[in-house]
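Enquirer: Here's a structure for you.
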Amino acid sequence: MRLIYVIAILLVSTCQAGFFSSLVSRFTGGGNSSPSSSSSSSSFSNSRKPSLSDEKARSYLQTFGYVPPSNSLQSRNGMAGDIQSAEQVFKSAIRKFQEFAGIAKTGFLDAATKAKMALSRCGVTDAPLALTSGSSQFKWSKTRLTYSIESWSSDLSKDDVRRAISEAYGLWSKVTPLEFSEVPAGSTSDIKIRFGVRNHNDPWPFDGEGGVLAHATMPESGMFHFDDDENWTYKDARKIHNNEATDLLAVAIHEGGHTLGLEHSRDENAIMAPFYQKTTDSSGNYVYPNLKSDDISAIQAIYGAGSGRSSSGSDFGGSSGGGSRTTARPTTTTRSWFGRFFGDDDDDVRSRTTTRRTTLWPTTQSPFSGDDWGSGSGSSGRGGSSSGSSGGGCPSHIDAYTPSSSFSYAFSGSQVYTISGTKVTKVQSIHDLFPSAPTPVNAALWNPISGSMLLFSSNRVYSYYFSNIRQIFQMDSGFPKTLPSDLGFSVSGALRWINGHQILMSSGDEFAVYDEFWNQVTLKNRISSYFPNLPRGVKGVESPAGSVITAFTSNQVFEYNSRTKSIGRQSGFSSYIAC
């Protein structure tokens with residue numbers, strides 16, 4: 001069933017090419033109608049395909065998920081009647097790609113955008129894979145996996161191919177409990193690796209030299225294919241530096257990540273970024289394609305951390321220098337649903353943000369229990385410019401709470417409180433700091449990767465970025481947006497979990513993992529199933545350190561241990577910030 005799902009999400013419709021082509025000229029403009037921007041990284045260069053045509057750029061956006069198959073950009077009667085709506089979708093698709101690729105978000109198919117599209121890349125869609133309620137992350141249900149190489153490269157020896165695959169899986173093995181071993185072709189293996197060209201007996205034909213280099217499917221289907229029309233090499237720095245060949249090892253690490261359940265990363269330095277990264281420096285020296293922190297956080301969020309032991313060579317086929325671990329491991333306890341998705345079992349799983357605050361609990365504690373948690377006491381009279389404030393500059397309640405890169409922000413009624421450490425440093429109108437923001441704010445969320453501050457109110461989301469010149473937050477273009485209909489509840493709290501997942505919470509027992517880039521829900525479930533013993537009414541959390549988070553309800557603060565699922569120290573909000 002999962003294989004069918006992956007196939008469905010990767011396949012796109014091109015039957016409306018004629019209508020779509022009529023839009024292309026509106027977004028190209030011959031170079032004068034749109035701003036220009038430069039490519040973000042020379043390490044992604046590929047001299048064989050300098051740019052894409054307008055028609056291929058259109059197809060690219062469909063192929064890699066920026067225009068969903070359900071949105072055909074054609075009116076109901078089959079005529080190109082709703083041109084304005086189609087233009088909006090197309091421009092949004094271009095901007096999504098530009099943001100994902102790290103280039104200027106012009107909304108036009110400018111030269112920089114088409115040049116980025118021309119880079120060699122993975123064939124897997126950039127759109128996130130949605131998880132249905134009650135399902136687990138795309139992952140293997142066991143830790144010992146086998147792979148077989150069913151066909152071979154026309155450029156490399158079998159030993160070099162074996163070494164590359166063994167090293168690739170060895171890197172993933174070093175940071176997870178997973179173990180990999182090669183078995184002979186034709187065996188019953190978990191992952192089947194092939195080299196093929198053009199139509200090669202799967203739903204996704206290759207495109208010849210350049211463009212798509214390889215593709216793979218999510219667990220537990222185990223499909224892993226390289227395009228044999230590429231010129232492959234194994235760590236040959238001269239060929240790689242001169243753009244004569246593509247490093248098989250780098251591509252194998254990336255595709256191997258897909259076979260383990262990883263999607264594409266928006267971090268352009270990560271192995272799981274969709275674009276091929278040359279493995280040489282400016283002097284032509286080979287640079288080993290190691291996993292980056294983003295890759296490690298993502299894979300450990302699914303499987304947990306490994307033992308840290310060095311990997312050993314494969315026992316099959318005589319590979320030397322490989323990375324697949326074949327040594328025996330102690331039996332481990334099956335992880336909970338919570339651990340499978342949120343990676344709670346290890347203290348060394350860290351947020352990708354820097355923890356700014358060392359929790360400073362006040363000497364005088366105000367412990368609460370039972371029905372007092374998240375009850376919203378003291379929340380009457382919200383909405384006026386002065387409501388929600390008590391003596392000493394402290395709010396009597398909070399509607400939303402979030403950390404950011406420099407400060408934390410507590411929202412109460414029509415006011416926002418800037419907090420440094422455990423001190424309120426400024427109180428001002430929400431509209432002064434966030435022009436055109438809703439009041440009250442029901443939830444707030446800071447995304448350290450994009451630098452966006454998300455505000456939620458009713459069924460809408462507002463995205464802001466901080467202007468260093470104006471010293472206020474300014475709304476991103478394209479916002480506010482209506483939250484996806486499948487969210488199914490009113491947002492009353494939001495938090496960024498230890499491994500980077502962005503979580504929206506209801507006032508009851510529902511939560512959803514949310515991606516604002518695609519405005520999409522990727523997981524829904526019950527809070528009590530994933531966060532046992534977490535009090536109701538959580539508004540936000542401080543940047544977590546290890547497995548312990550500091551969480552805020554409307555008028556309370558408490559510690560929650562994500563590993564033991566237990567409540568620690570507790571305090572009233574006004575006591576916590578020493579007002």
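Glycine is treated like the rest: Cβ placed from N, Cα and C.
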Enquirer: What range among 120-127, 216-223, 400-407, 424-431 does Swiss-Prot describe as motif 'Cysteine switch'?
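Expert: Feature motif 'Cysteine switch' in Swiss-Prot: residues 120-127.
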Enquirer: So if I measure Cβ to Cβ from His200 (Zn(2+) 1 binding site) and keep only same-chain residues at least 6 apart in sequence, which ones fall under 8 Å?
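Expert: Spatial neighbours, sequence-distant, of His200 (Zn(2+) 1 binding site): Arg194, Phe206, His225.
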Enquirer: For the binding-site residues listed here (His215, His225), which one has the lowest count of neighbouring CB atoms within 10 Å of its own CB?
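Expert: Result for the binding-site residues His215, His225: minimum number of other Cβ atoms within 10 Å at His215.
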Enquirer: Counting by DSSP, what is the helix, strand and coil composition of the repeat 'Hemopexin 1' (395-437)?
Expert: 4 helix, 23 strand, 16 coil
Enquirer: What is the set of residues, excluding His200, Asp202, His215, His225, whose C-beta falls within 8 angstroms of the centroid of the C-beta atoms at the Zn(2+) 1 site?
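Expert: Here the nearby residues are Gly123, Arg194, Gly196, Asn201, Trp204, Pro205, Phe206, Met223.
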Enquirer: Counting each residue once, how many in the repeat 'Hemopexin 2' (438-490) are helix, strand and coil under DSSP?
Expert: 3 helix, 25 strand, 25 coil
Enquirer: Give me the non-local Cβ neighbours of Asp202 (Zn(2+) 1 binding site): same chain, 6+ apart in sequence, Cβ-Cβ under 8 Å, ordered along the sequence.
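Expert: Expected: Met223, His225.
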